[in-house]
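A short worksheet on the structure shown next.
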Amino acid sequence: MTELNKLTVADSIKGLKNKDFTSTELIGAHIKQIEKHRNLNAYVTETFDLALKQAEAADQNYAQNNARTLEGIPFAAKDLFCTKGIRTTACSNILKNFIPNYESSVTQNIFDKGGVMLGKTNMDEFAMGSANITSCFGNVISPWKANDDNADLVPGGSSGGSAAAVSGFMASAALGSDTGGSVRQPASFTGLVGFKPTYGRCSRYGMISFASSLDQAGIFTRSVLDSSIMLEAMMGFDEKDSTSIKAEVPELQSAIGSSMKNMKIGVPLSLGEGSIIEPDIMKMWQDTIELLKNAGAEIVDITLPHAKYGVAVYYVIAPAEASSNLSRYDGIRYGLRVERENMTLDEMYEMTRSTGFGEEVKRRIMIGTYVLSSSGMDAYYLKAQKVRRLVANDFNNAFAKVDAILLPAAPTAAFKIGEKQNDPTIMYLNDLFTIPASLAGLPCASVPAGLSARGLPLGIQIIGKQLDEYNVLKVASTIESGVKHIKFEPKGF
């Protein structure tokens, strides 16, 4: 029998219903795996006592035939989802000992359906990063290694801990957040399915904010079916979030294995020209186009003329929103406070924030403060908002002709820890293909579609119309079936 911690969410649900094993046994197998691979630094807070207590309650519910949809299923949560009574830090020194007195809506939704939380996962500080190297708890190491090198690789970011946990069989599923690609890019780097729903589908209540008009909860799983199961549990209108969409949660699981007949897939190949895209990624993109064509889809050449400005636009709008959101961390109400004798209030603010925030967060706060200043507002911020609307219009025009759009999730495979650390511009370009859909608030997923010449996973991205998670899953499922001969599993796990 497959090791319990290697079961998918769907297979775990089936096994628990059939009484092949108990939730306590399932959770125990995951705890052992976490303890075995602590060197990866995927978790920053382990909640094993809570998990075993929840597993015991799940076993009782199964015994009484009262099992809910996710009863007894182990998951992890990125450490920016507030968890009542459990430390939540956003992996920043400024919140290192913060314990919330309320629960985020997304984690509450999963708990209400029987999910069992194993712990909180590492991340880039305040979700600012593409490699999980800005955390105050240290780097996350990917479970994957290249076949020609034993060097430690990044898992992607900012949700790198969640990606490492699921890829390394330390959780069946894990919550992430996606602002400009922070679920899709790590999923691509670690051979997982990473899904970002339509902006507003999942409540942001209790999610520590980075950029409010872009942040959206997402999910990492090892199969497309698992994504559909978790999304059905996570999504839903929430009156506590003013940006929450009042729309019915669709039935998504029937999308798996659906026919591609009459589906039109848009491919903006021009976006790959002159970019930093690696040859392996280009080949994987072309191979996936052929796969979908052979599955019955019609491939349509499209253009997204303003998508190439996405990174520039994002790094004006997101830092602007971050500088506003992070102004609340002043040492007065909660979090870190740095004091010394005879210190003025202004000095206390300055010392607290300069000590509590890391270098990347400070960089983005300074950028954001400048673009919102009187000299930067017209020159940068308002222009960026105009181009954001043009990016969204490009997608609207494309979706008048196609049902989904196909793009790589990242321009490269995973790289070595420290390799690009000192060049923020190169690091920012990692989100070249994910940012446009974020600016437009569209549902999208990364699904494993191939391996590089060095044996590293490569993800393809499917972008759908607003609120059309169903067709994104449908295309993702077809791709998953077409590459099932490839084993997306790190060696030694």
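Glycine is no exception: its Cβ is also placed from the backbone N, Cα and C atoms.
Annotation comment: Swiss-Prot describes Lys78, Ser158 as active site, charge relay system. Residues or ranges marked as active site, acyl-ester intermediate in Swiss-Prot: Ser182.
Recorded features from Swiss-Prot, shown on the structure.
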residue	record	DSSP class
Lys78	active site, charge relay system	strand
Ser158	active site, charge relay system	coil
Ser182	active site, acyl-ester intermediate	coil
Cα separation, Ser158 (active site, charge relay system) to Ser182 (active site, acyl-ester intermediate) (Å, whole number): 5
Inter-residue C-alpha distance, Ser158 (active site, charge relay system) and Lys78 (active site, charge relay system) (nearest angstrom): 10
